[in-house]
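Features of the protein shown, as given by Swiss-Prot:
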- K46, R49, H78, R97: isopentenyl diphosphate binding site (BINDING)
- D85, D91: Mg(2+) 2 binding site (BINDING)
- D85, D91: Mg(2+) 1 binding site (BINDING)
- R96, K182, T183, Q220, K237: (2E)-geranyl diphosphate binding site (BINDING)
Amino acid sequence: MTNKLTSFLADRKKTIENQLSVYTEKLDMPDSLKKSMLYSLQAGGKRLRPLIVLAVLNAYGKSEKDGIPVGCAVEMIHTYSLIHDDLPCMDDDDLRRGKPTNHKVFGEATAVLAGDGLLTESFKLITSHVSDEVSAEKRLRLVNELISAAGTEGMVGGQVADMEAENRQVTLEELESIHERKTAKLLGFCVIAGAILADAPEEDIETLRTFSSHIGIGFQIRDDILDLEGSEEKIGKRVGSDTTNDKSTYPSLLSLEGAKHKLDVHIKEAKRLIGGLSLQKDLLYELCDLIAARDH
């Protein structure tokens with residue numbers, strides 16, 4: 001990473017993490033529920049999703065202030081999905097980001113409800129915590145985009161399709177369809193949300209939608225690669241869990257080298273799409289490289 005990207009990520013990450021805690025601390029709820037929600041929100045992580053929202057605003061030369069609550073909303077949804085993914089009825093993981101998973105600390109029932117709370121409260125950040133400069137129409141568009149990305153047409157539907165694909169061989173087309181919904185759509189929302197807040201032209205938004213699909217699939221391919229050759233200490237969870245759970249992955253379908261080539265193809269296409277837009281490209285190019293080369 002260049003000094004520019006390192007500085008950008010470090011400065012904004014602190015802001016995002018602080019605001020996630022502030023938003024949640026202010027909510028009126030049972031103490032046990034608040035502790036469970038904060039436990040997972042404060043467990044670390046890349047904060048890549050909110051940082052993408054801010055990076056797109058930055059690329060258009062616009063203020064990042066309204067990107068913070070919108071980015072935090074996405075991070076809350078991402079965190080809820082991790083809590084639920086780790087449950088015994090799903091992936092049955094005991095470790096997340098180097099710490100015991102939420103249900104191991106607070107019990108399954110509280111973990112489920114903490115996830116429910118994070119999902120529900122996330123939308124309030126968009127409707128009530130952005131500035132008055134963001135019109136009601138724009139807020140509604142953001143909410144609708146987020147519902148499509150996180151709900152049955154996106155992440156939730158993708159998770160079900162992923163579960164149904166276990167213990168059987170799927171085609172590459174099926175695998176990409178699963179991860180387009182399970183992973184790429186929520187990452188894609190971050191790109192689109194930044195563009196909407198920046199008042200980007202509709203033509204740009206459609207190009208960015210395709211761009212986000214490529215980085216989303218690329219992100220998943222890198223995840224699959226790390227599950228084979230990553231460091232458990234850096235990843236913060238068990239390595240090899242995809243194989244243990246008999247999941248189809250890009251390396252299992254294409255070989256490890258084939259998956260790395262596929263990742264390279266997606267990242268190059270994402271950069272090509274950005275190259276045709278009238279915005280500051282350097283930061284987005286570097287984010288593409290970060291997605292392709294990350295070690296956790």
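Cβ atoms are placed via backbone N, Cα and C, with glycine included.
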Euclidean distance between Cα atoms of Q220 ((2E)-geranyl diphosphate binding site) and R49 (isopentenyl diphosphate binding site), Å:
14
Find the longest CA to CA distance in the recorded isopentenyl diphosphate-binding set K46, R49, H78, R97; express it in Å as a whole number.
16
Show, in sequence order, which residues other than K46, R49, H78, R97 on the same chain lie with their Cβ within 8 Å of the centre of the Cβ atoms of the isopentenyl diphosphate site.
G45, R47, L48, E75, T79, L82
Specify the count of other C-beta atoms within 10 Å of the C-beta of K46 (isopentenyl diphosphate binding site).
14
Three-class DSSP secondary structure - K46 (isopentenyl diphosphate binding site):
coil
Just to verify: the residue among D85, D91 with the fewest other Cβ atoms within 10 Å, which of the binding-site residues is it?
D85
Who sits close to Q220 ((2E)-geranyl diphosphate binding site): which same-chain residues at least 6 apart have their Cβ under 8 Å from its Cβ?
H179, K182, T183, A184, Y250
Tell me the Cβ contacts of H78 (isopentenyl diphosphate binding site) under 8 Å, same chain only and six or more apart in sequence, or just say none.
R49, L186
Applying a 10 Å Cβ distance cut-off over all chains shown, what neighbour count does T183 ((2E)-geranyl diphosphate binding site) have?
22
At 10 angstroms around each C-beta, which of the binding-site residues R49, R96, R97, K182 has the fewest other C-beta atoms nearby?
R97
Using Cα coordinates, what distance in whole Å links D85 (Mg(2+) 2 binding site) and K46 (isopentenyl diphosphate binding site)?
18
